[in-house]
Amino acid sequence: MVKLRKHKVLLSLDWFCKWISVQGPGTQGEAFFPCYRWVQGHRIICLPEGTARTLSDDPQNLFKKYREQELEERRKVYRWGSWKNGLILPIAGNRQLDLPRDERFLEDKDLDFSVSLAKAWKDMAIKGTLDIINCVKGLEDFKKIFPRGKTALAERVHDSWKNDAFFGYQFLNDANPMLLRRSSRLPARLVLPPGMEDLKTQLEKELQSGSLFEVDFSLLDGVKPNVIIFKQQYVAAPLVMLKLQPDGRLLPMVIQLQPPRHGCPPPLLFLPSDPPMAWLLAKIWVRSSDFQLHQLQSHLLRGHLIAEVIAVATMRSLPSLHPIYKVVSTGSGGHVDILQRATACLTYRSLCPPDDLADRGLLGVKSSLYGQDAIRLWGIISRYVEGMVGLFYKSDQAVKDDLELQAWCREMTETGLQTAQDRGFPISLESRAQLCHFVTMCTFTCTGQHASNHLGQLDWYSWILNGPCTMRKPPPISKDVTEKDIVDSLPNLHQARMQKTVTDFLGRRQPVMVALGQHEEKYFSGPEPQAVLRQFREALAAMDKEIEVRNAVLDLPYEYLRPSMIENSVTI
């Protein structure tokens, strides 16, 4: 052990200590003591040597007192908060300064974040004044107001957003590839009125061949829409039925914008053969609904909020000596209704790509580039976790006997995720295989899964019409639709400017970025963990190169799960 205390000087500045090394006498070599935290005030920090130890690795209880004291101190700092009933728990605190010092951005990241945000709001204020005098009369007028796409793919979105195949492609590989599933039967909500027998025949034919897919936005049904500057906004809960062509294209067959209501006529069904403006407006409504669920369910809940639960449970339950701490420690109105509903249907399987893609019938779909890359990345992370776990747990019994490990799992499932065992999350870990699966889920969620839902925002939402943040008129009840009807339904210029400003800020490539597996921190001592990490990095590099080669011949490259572009933790 090394005990560390910062001397009092005229200015009581915090000090971020990375590590301490001690040169032993004679030929005993160097001892390494990882820290990677802030030293504050006059408290003494005790640093154990970097060899990971479970409780059973310390039969003489040499580190027992240290482990208990460290967790006792952490639990005072890392406290569970609460926001709304039915939501998973956040860390306690209302502002950035309430966060534990070790969880805030370091200076370079904090400076970039603050300066970039200030610039974004400044540009918003300056350019927003022009929105008062600009008038949108047609769809292409949005291009005059927002003339330049930030990426090549954003330009492609502007050029192709009306195309049916492009519309279908987005459910496979855009910023939100989490909603599409293969149909096992015709949805009960899809009411086909008389005169649509041909459509029913087509749907049943695709169903029998296994090529019928659906995207159901029922999670949005009945959600109270927002009121913006005294103007009522509107929300729909569409259903989209699509067919997978032999060439891999996913084409929409029918769109139902609202579920059927008891005592009301069946809702209108929109078809590709409808008048172009009616069909286009139906697709815009779908894209707006997708925007809502992407930001709240896929990005916020499944990315940021789950990662927060993992981080807080880890800090409260696993001391820095623990091997699993050293594996996962690199991470750090109507919308409430949607989050509550999304939380209620958040399952353990849905956070594990092999299970999720199997449940959604997407395994083996060659045009699902997200699916292919997610499966491969999951496998690479899984082998890394298995390698590390195998160094410290030699049997299933060793996993069962690790009380700190069991407390960590229980804290995450029962407390942070609010009794999520009802949705398949474990409350105990009974084997090495179960432990590896759980840790792989945690790692993938905080890295690859977040990246797949975060990195595409600039590409897919820069062109406002491809993912409107809000709609200002109710869904159409007639197919007599003009271009003016569509313009009046879309966000006004102020709302569109706000969406583009936020999209540009959040979707930009981060200048201060550490890619997956490339962290400089050394939490482990000894050659064995370093060998496992080296193999992990080699596998990531091979995957990165293969994606680069694949994308070079693709009409629409998919890069969001390319290891060199995935952040090592959820940092924005």
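Cβ atoms here come from the backbone N, Cα and C positions, even for glycine.
Copied over from TrEMBL:
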type    : residues               : note
BINDING : D14                    : Ca(2+) binding site
BINDING : H299, H304, H450, I572 : Fe cation binding site
DOMAIN  : 1-53                   : domain 'PLAT'
DOMAIN  : 53-572                 : domain 'Lipoxygenase'
SITE    : W38                    : site 'Essential for stabilizing binding to COTL1'
In the chain carrying H450 (Fe cation binding site), residues 6 or more apart in sequence that have Cβ under 8 angstroms from it: H299, G303, H304, A307, E567, V570
Candidate with sparsest Cβ neighbourhood (10 Å radius) among H299, H304, the listed binding-site residues: H304
Beyond the site residues H299, H304, H450, I572: chain residues whose C-beta lies within 8 Å of the centroid, for Fe cation: L300, G303, A307, N453, H454, V570
W38 (site 'Essential for stabilizing binding to COTL1') and I572 (Fe cation binding site), distance between Cα atoms, whole Å: 21
Long-range Cβ environment of D14 (Ca(2+) binding site), under 8 Å and at least 6 residues apart: W38, V39, Q40, R101
Number of other Cβ atoms within 10 Å of the Cβ of W38 (site 'Essential for stabilizing binding to COTL1') across all protein chains: 17
Averaged pLDDT, computed only over the residues in the domain 'PLAT' (1-53): 84
Number of Cβ atoms other than its own within 10 Å, given for I572 (Fe cation binding site): 17
DSSP helix/strand/coil residue counts for the domain 'PLAT' (1-53): 0 helix, 25 strand, 28 coil
